[in-house]
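**Q** According to Swiss-Prot:
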{"type": "TRANSMEM", "residues": "10-30", "note": "transmembrane segment"}
{"type": "TRANSMEM", "residues": "40-60", "note": "transmembrane segment"}
{"type": "TRANSMEM", "residues": "80-100", "note": "transmembrane segment"}
{"type": "TRANSMEM", "residues": "117-137", "note": "transmembrane segment"}
{"type": "TRANSMEM", "residues": "166-186", "note": "transmembrane segment"}
{"type": "TRANSMEM", "residues": "208-228", "note": "transmembrane segment"}
{"type": "TRANSMEM", "residues": "246-266", "note": "transmembrane segment"}
{"type": "TRANSMEM", "residues": "276-296", "note": "transmembrane segment"}
{"type": "TRANSMEM", "residues": "304-324", "note": "transmembrane segment"}
{"type": "TRANSMEM", "residues": "330-350", "note": "transmembrane segment"}
{"type": "TRANSMEM", "residues": "409-431", "note": "transmembrane segment"}
{"type": "TRANSMEM", "residues": "452-472", "note": "transmembrane segment"}
């Protein structure tokens, strides 16, 4: 009997198909009508992503007995991440619209690349095989290589794009070689049988091959997450890319990589090896300590948010080390809060961004007197990232510390608490600058797309800060 794709298969991958079709429509419009592209590409991008969200729910009952299940599996967790990625794509599209309104650049190809990146993210979240995971990561990465150098007149953009491409290409080799070693050891790359296959092998050589393969895959993911010492690309790339690209990398890439960690270490290899956990512990310690100390010295905001993002990656790795159901709930809640607050910060930067040099701390002096709303928005987002009560950021960090303490990882709890105190200093320092005496009375231009992102972030933070119980209940059900 020849396997064929059925209607059920197409419904189950509906979000992927819609994102792919949206990307093709955008590039066709850009190819044949540049004027039409300038007017409609952003709307088509947002519309396609929104339609994909509805398609997720349309495929809820259609993920069984699918021919694609060995490669792509839209289970409950995959649907959660898919919706998450699509919302991130909508936010990035709105910030890009605000950016192009200010800089008057051609942008049809930009939204095509953004859709391609979201396509890669969805593949990661729904991956049922290491090869699918690799394809998703590389689809995302290749799109970002081009997006980072999208502003052709910005020399710094070219430099950051080339650096990211060069280092990312090397890491892709590590990922693929790691997958090859795993296949050589156990004869499969399917995530659902990795652990059982590993436990059946008896030869020391095969165990070494398997362990080496997992180590190389983890190294590749650590690079994508910008964990210390694999972080060196991140500050330069964040500083050199445009504001919407940096926002998408800080949120989309981070969530995508941790979706890959979830698939690998929560589902395929839960509590894989005690010695391997010690290696990841070391990465967490190094990331938390180094990133927070270096962030103290930054004066350019995009570079500052690069180190802030590295620091948060360290916190996000704590639940990965623990690897149980409650840790998964803590991880997903932290990811959501981090994404909302980061988008809010970049919505403010969309108002302040003037050129390729980006926004410096000095540009924030007296922002409250120029725009009380923007200063308040940035303040609440920074307080959330710092984890200061009563914001949702405090709840997210508390949840992570709670599961770490219950699992006996006292060292991670102590280092996490100390670095949280340190990070509070540099976040509060920025807030102090916002409310200082103004050195510039120039009015800021209004941007509807950035205002939508900022207002949505503000409302979401307020709701999750004071009424998080329903959302936490959903995440608890998700992890079970």
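Yeah, the Cβs are placed from backbone N, Cα and C, and that goes for glycine too.
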**Q** Under a criterion of three or more Cβ pairs within a distance under 8 Å and sequence separation of at least 6, are the transmembrane segment (330-350) and the transmembrane segment (166-186) in contact?
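**A** Counting Cβ pairs under 8 Å (6 or more apart in sequence), the transmembrane segment (330-350) does not reach the transmembrane segment (166-186), since there are fewer than 3.
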**Q** Contact between the transmembrane segment (208-228) and the transmembrane segment (246-266) is defined here as three or more C-beta pairs under 8 Å separated by at least 6 residues; is that satisfied?
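**A** Touching, yes - the transmembrane segment (246-266) and the transmembrane segment (208-228) meet the threshold of 3 or more Cβ pairs under 8 Å.
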**Q** Give me the stretch from 10-30, 80-100, 166-186, 208-228, 409-431 with the greatest number of Cβ pairs under 8 Å to the transmembrane segment (452-472).
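**A** Top-ranked stretch among 10-30, 80-100, 166-186, 208-228, 409-431: 80-100.
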**Q** For the transmembrane segment (208-228), find every same-chain residue at least 6 residues outside the stretch whose CB is under 8 Å from a CB in it, and list them.
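**A** Residues 130, 137, 141, 167-168, 171-172, 174-175, 177-186, 198, 201, 234, 253-254, 256-258, 260-261, 264, 269, 272-273, 276, 279-280, 283-284, 286-287, 290-291, 306, 309-310, 313-314, 316-317 contact the transmembrane segment (208-228) from elsewhere in the chain.
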**Q** List, by number or range, the same-chain residues at least 6 past the transmembrane segment (276-296) whose CB is under 8 A from its CB atoms?
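**A** For the transmembrane segment (276-296), the sequence-distant neighbours (Cβ-Cβ under 8 Å, at least 6 residues beyond its ends) are 211, 214-215, 218, 222, 227-229, 231, 304, 307-308, 310-311, 313-315, 317-318, 320-321, 409, 411-412, 415-416, 419, 422-423, 425-426.
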